[in-house]
Amino acid sequence: MGRWALDVAFVWKAALTLGLVLLYYCFSIGITFYNKWLTKSFHFPLFMTMLHLAVIFLFSALSRALVQCSSHKARVVLSWTDYLRRVAPTALATALDVGLSNWSFLYITVSLYTMTKSSAVLFILIFSLIFKLEELRAALVLVVLLIAGGLFMFTYKSTQFNVEGFALVLGASFIGGIRWTLTQILLQKADLGLQNPIDTMFHLQPLMFLGLFPLFAIFEGLHLSTSEKIFRFQDTGLLLWVLGSLLLGGILAFGLGFSEFLLVSRTSSLTLSIAGIFKEVCTLLLAAHLLGDQISLLNWLGFALCLSGISLHVALKALHSRGDGGPKPLKGLGSSADLELLLRSSQQEEEDGEEEYFVTQGQQ
């Protein structure tokens with residue numbers, strides 16, 4: 001009877017993990033293809049990103065209010081001094097990372113975007129070494145070489161290569177390295193009280209919106225103000241379709257954060273890291289099948305080389321965590337840069353014995 005109960009518990013946990021992974025895949029892969037689909041007809045990616053940030057902020061504010069009503073505990077609200085001095089740098093870097101990433105969809109394929117964004121781990125490692133958040137080891141040098149070599153092989157003689165789009169997404173990956181390093185430093189400051197992801201995103205979104213606004217005003221403001229799709233609309237149906245499509249992206253972004261946190265809180269950060277690796281493979285296969293992205297054998301070999309570097313880093317992190325007798329929530333980097341804020345903050349909450357709350361982290 002006892003063994004049967006253990007078998008049932010194992011099957012239930014496996015089924016739950018599989019369901020959560022599939023839910024994460026739906027939102028994560030879905031928002032990537034959504035961004036590419038929308039930018040084909042709506043050529044204002046910065047405006048799109050700003051609207052998504054507004055939607056995420058509203059959902060995070062609503063979540064904070066619901067949690068406060070249910071727990072009867074006031075949520076953290078930073079002073080203006082701490083907000084502008086200590087949160088603003090992270091928010092600005094995050095805004096540029098997300099904005100440039102979405103901007104690149106105007107020029108490059110989903111496959112090239114996916115591969116190049118995977119290189120963000122490379123820049124995170126570099127900046128972690130600069131800020132002394134990581135110790136220089138031979139294994140880390142190998143990880144850097146594998147990812148850099150894979151990126152070169154994937155882009156070498158690519159038939160659908162676009163310099164402008166590649167520069168945008170590579171710049172986003174570079175800024176992403178700064179972003180996640182600053183995020184780690186921010187979350188290590190316990191006196192701020194931003195260990196809970198819902199509070200972190202609530203404070204980040206307004207500054208991210210303001211950080212993107214100058215770029216939007218310079219590159220899209222005039223064109224958007226004269227566009228018949230928004231401000232000079234003549235067809236109400238078209239306007240509602242555009243607004244509905246933009247709102248859908250905000251919901252997908254919120255759902256991505258929801259599914260990420262649900263997965264890591266019910267399983268582990270290692271599960272999320274491994275799922276992230278296979279997600280990249282699924283994205284490339286779908287891009288080749290659905291969008292007709294042309295991927296040569298050399299490109300596939302480069303992608304495999306890059307994934308081997310990311311996988312090696314995940315394995316090293318897992319071994320390092322076991323060797324130290326447990327997880328280190330604010331030390332080490334995961335395989336997917338877009339998940340780092342989620343992983344660190346959720347693991348910190350588990351150690352502190354706090355309740356698990358839904359995340360409002362939406363990352364394109």
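Please read every residue number as a count from 1 along the shown chain.
Positions of Cβ are set from backbone N, Cα and C atoms, glycine also.
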TrEMBL annotation of transmembrane segment - which of the ranges 88-107, 168-187 it falls on: 168-187
The transmembrane segment (270-291) in contact with the transmembrane segment (238-258), cutoff 8 A, at least 3 CB pairs, sep 6+: no
Local confidence of the domain 'Sugar phosphate transporter' (19-312) - pLDDT mean: 85
Cβ contacts under 8 Å made by the transmembrane segment (12-34) with residues that lie 6+ beyond its boundaries: 110, 113-114, 248-249, 252-253, 255-256, 258-260, 262-263, 266-267, 271-272, 275, 279, 282-283, 286-287, 290-291, 362, 364
Among 46-67, 112-131, 138-156, 168-187, stretch most in contact with the transmembrane segment (238-258) (C-beta, under 8 angstroms): 46-67
